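*Asks:* Sharing the features that TrEMBL gives for it:
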{"type": "DOMAIN", "residues": "41-288", "note": "domain 'G-protein coupled receptors family 1 profile'"}
{"type": "TRANSMEM", "residues": "25-49", "note": "transmembrane segment"}
{"type": "TRANSMEM", "residues": "98-120", "note": "transmembrane segment"}
{"type": "TRANSMEM", "residues": "140-164", "note": "transmembrane segment"}
{"type": "TRANSMEM", "residues": "204-229", "note": "transmembrane segment"}
{"type": "TRANSMEM", "residues": "241-261", "note": "transmembrane segment"}
{"type": "TRANSMEM", "residues": "273-291", "note": "transmembrane segment"}
Amino acid sequence: MAMKNYSTITEFIILGLSTDPHIQAVLFVLFLLSYLLALMGNFLMLLVIRTDSHLHTPMYFFLKQLSFLDLCHSSVTVPKMLENLLSESKTIFVESCLAQAFFVFATGGTEACLLAVMAYDRYVAISSPLLYGQVMSNQLCIGLVWGSWGLAFADALINILLAINLDYCEDQTIPHFSCELSSLFPLSCSDTSTNFTLLLCSSVLHFFGTFVMIVSSYACIVSTILSISSTSGRSKAFSTCSSHLTTVILFYGSGFVSYLLPTSGSPLEMIFSLQYSVITPMLNPLIYSLQNKEVKAAMGRMSRKYFHHFM
């Protein structure tokens, strides 16, 4: 009996969030506004940190990287999602789908590493304020950022290389609004047990590993803060961590569900994925601008500078 050649499948169909045209129109407007806010907010953060010399410190160097990552991460999925909300075909080439899955995994993994690095930065700043400049040198900061990118991209590349040779059956529908590896494996006619195991292990090690590092850093931070005698000193020390802690809760709260739970296409899973891909990149600039006095002061200085320039 001749074996059927499954390699002729060239496209997937992304089911998206809804099949109702009216709901799709509302979702398009909603997510377009969210995406534009994410773009403007993160570009503004990049501009403020770059132009204001008061923010040329390790903490804001990492925040600048976070804003750049949020731009990249949301731009990997949202434009295609917006296109599908207006399109009737809702198709994506297999190669494009794999590329999207790679960059979703890589940028998400980089952000997990970066959040762990930022937690360590806050630990050094609070526990050893006099040695902060020496410990968090420019060379170390750049090395930590490059290490975050390198580790995440290597992790994503290993998973994608193993997924490239999979054959796909007649069922081409992805019950999601974007391509993720966990969504592609059920569509394959090949044995994906190795792929699932590798994805699960790499996700657990990468995301859970960085989460443990963050929790450890904050355990040390809390211990140091509690040893401060004055209430105002404790409040000031904790305020430097509040923005980062909020971002960590948003990122890991949705990220763990998206990556570590089986793909089912359920509304709850969609909501967590949307928060991870759309909402968090939009909220991060607001979190850091509203909760951080230095960023608010820098934005005030920049706005006055441009106001006087144009007057």
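Every residue, even glycine, has its Cβ placed from backbone N, Cα and C.
I'd like these features described in context: how deep, what's nearby, how far apart.
*Replies:* Residues 17-18, 55-56, 60-61, 63-64, 67-68, 70-71, 74, 78-79, 81-82, 85-86, 278-279, 281-282, 284-286, 288-289, 295, 298-299, 302 of the same chain, all 6+ positions outside the transmembrane segment (25-49), place their C-beta atoms under 8 angstroms from a C-beta of that stretch.
Under 8 Å from some Cβ of the transmembrane segment (98-120) lie the Cβ atoms of residues 59, 62-63, 65-66, 69-70, 72-73, 76-77, 80, 92, 144-145, 147-149, 151-153, 155-157, 159-160, 163-164, 178-181, 184, 206-207, 210-211, 213-214, 217-218, 221, 244, 247-248, 251-252, 255, 259, 276-277, all in the same chain and six or more residues away from its ends.
Counting only same-chain residues 6+ beyond the ends of the transmembrane segment (204-229), those with a CB under 8 A from a CB of the stretch are 109, 112-113, 115-116, 119-120, 122-123, 126-127, 151-152, 155, 237-238, 241, 245, 248, 252, 255-256, 259-260.
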*Asks:* Grab the pLDDT values for the domain 'G-protein coupled receptors family 1 profile' (41-288) and give me their mean, rounded.
*Replies:* 85
